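First up is the structure itself, then whatever we jot down about it.
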């Protein structure tokens with residue numbers, strides 16, 4: 001009787017929390033509306049506000065549906081393995097210059113996310129060359145923000161497009177080491193805060209995951225400000241340029257006693273046959289218990305031979321059959337002679353093209369963002385059940401926080417509590433909770449910048465562990481091994497840089513052309529052939 005009472009009190013507390021939050025939302029709405037540049041709760045059907053792309057490739061059906069376990073509605077991805085595109089034009093374009101702008105939205109991956117995106121695109125004005133009914137992957141955006149996961153990709157994108165004032169080209173700048181996508185099926189809220197001092201903050205569920213500067217070369221790839229110089233693309237290496245640091249000594253002579261024909265191994269003449277060796281016994285004998293099958297036809301199948309088995313007499317003896325002396329390493333073996341290496345007097349270092357001024361270089365104190373005129377969702381996903389909700393653009397991060405507290409947090413609290421109860425009922429709350437904490441911690445470890453080169457490897461190990469939770473301890477050990485290997489490599493394994501005559505040049509930043517949609521890479525599987533059985537075949541080859 002005690003357990004039902006405890007659950008009832010818990011549900012009552014949750015209902016009280018939701019009621020209180022709803023009251024707070026009503027009280028705060030008047031103040032929030034002034035600073036909420038755009039907000040869509042999807043309480044009403046979206047069809048009179050949002051425009052679905054009419055392009056044939058976007059066959060996915062959007063639905064106005066409730067979030068599982070709630071009376072709250074959202075915009076639902078209803079079918080698997082489809083492309084989706086939908087857009088909402090804003091009443092007025094939103095400037096991203098000179099003041100704080102907050103981009104925020106909720107997603108719930110109700111069926112998980114193995115391969116697909118759940119991000120938003122904040123589009124430039126239609127003068128840039130796009131139409132709502134023709135919205136697609138090529139429609140020009142200013143910012144792309146949100147979760148994306150497929151294969152090795154597992155990150156919360158933040159990409160902004162910026163026009164180079166010298167070249168006139170728009171370049172995609174990707175956030176380096178972005179945070180990972182939460183691995184559960186709960187509601188999560190994603191927030192990007194763009195501040196006038198060039199600061200960008202990325203929050204997940206109100207917790208800061210990333211804080212960067214738009215002008216920092218360490219935070220975006222390629223950096224917003226291009227390098228001052230680039231390698232001269234027309235410069236060519238001189239024909240007489242020698243990059244060999246060491247060369248064979250031309251004055252060296254092979255020693256007279258150097259025998260290149262001496263074998264690696266020779267017969268051990270000192271070896272003696274072990275006592276008890278059975279010279280006249282074969283290693284294998286016919287199986288005395290084998291009988292010729294009744295349906296065996298000598299004319300069609302050939303002469304029948306009994307299968308072979310190991311000679312039982314050889315088991316107690318050191319060996320059977322003809323004894324031969326074993327081989328041993330030849331002390332006179334030296335292999336092929338090579339002249340020793342000496343310093344190359346003509347060595348000039350590793351050739352690099354000359355630096356020239358970068359024609360696309362520019363300086364800027366603030367990003368010259370294009371305004372936002374529409375919000376679009378253009379994704380390809382293998383999962384259904386992705387729910388978008390409470391899309392917000394605001395002038396103040398306090399307003400975004402107010403919306404999180406009143407729209408997202410009550411739902412998340414209910415979902416979290418329900419998840420705990422389900423785990424408890426299944427009798428696995430302790431183990432499942434421990435495993436989830438472990439995997440969440442491992443995802444955070446993978447986000448550490450100095451492990452970025454090994455991030456994909458760690459993701460692969462984590463995903464295998466999630467598919468087979470009984471391997472949790474092994475997965476932890478594997479990740480620890482990777483981390484220890486990195487430390488050892490940093491301390492002991494660094495390669496020495498070769499001597500260079502020319503100055504090291506900064507490689508030019510490439511213009512990004514991909515939309516970062518996280519397409520899945522196919523894995524090639526190798527087939528292993530099993531070793532043949534030792535027994536002879538029972539039929540003779542004709």
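Cβ atoms are placed via backbone N, Cα and C, with glycine included.
What TrEMBL says about a protein is an automatic prediction, not a curated fact.
Per TrEMBL, the feature compositional bias 'Basic and acidic residues' maps to 231-248.
Using a Cβ-Cβ cut-off under 8 Å and counting only residues 6 or more beyond its ends in the same chain, the compositional bias 'Acidic residues' (257-288) has close neighbours at 305-311, 313-314, 317-323, 325-330, 332-337. What TrEMBL records for 257-288 (among others) is compositional bias 'Acidic residues'.
Residues or ranges marked as compositional bias 'Acidic residues' in TrEMBL: 295-304 (among others).
Residues or ranges marked as compositional bias 'Basic residues' by TrEMBL: 533-542.
According to TrEMBL, the feature disulfide bond maps to 115-150. There are 19 other Cβ atoms within 10 Å of the Cβ belonging to residue 150 (disulfide bond).
What TrEMBL records for 215-322 (among others) is region 'Disordered'.
The region 'Disordered' feature in TrEMBL is assigned to 500-542 (among others).
What TrEMBL records for 1-28 is signal peptide.
Per TrEMBL, transmembrane segment is recorded for 471-492.
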Other CB atoms within 10 A, centred on residue 115 (disulfide bond): 17
Structural state census, the compositional bias 'Acidic residues' (257-288) (DSSP three-state): 0 helix, 7 strand, 25 coil
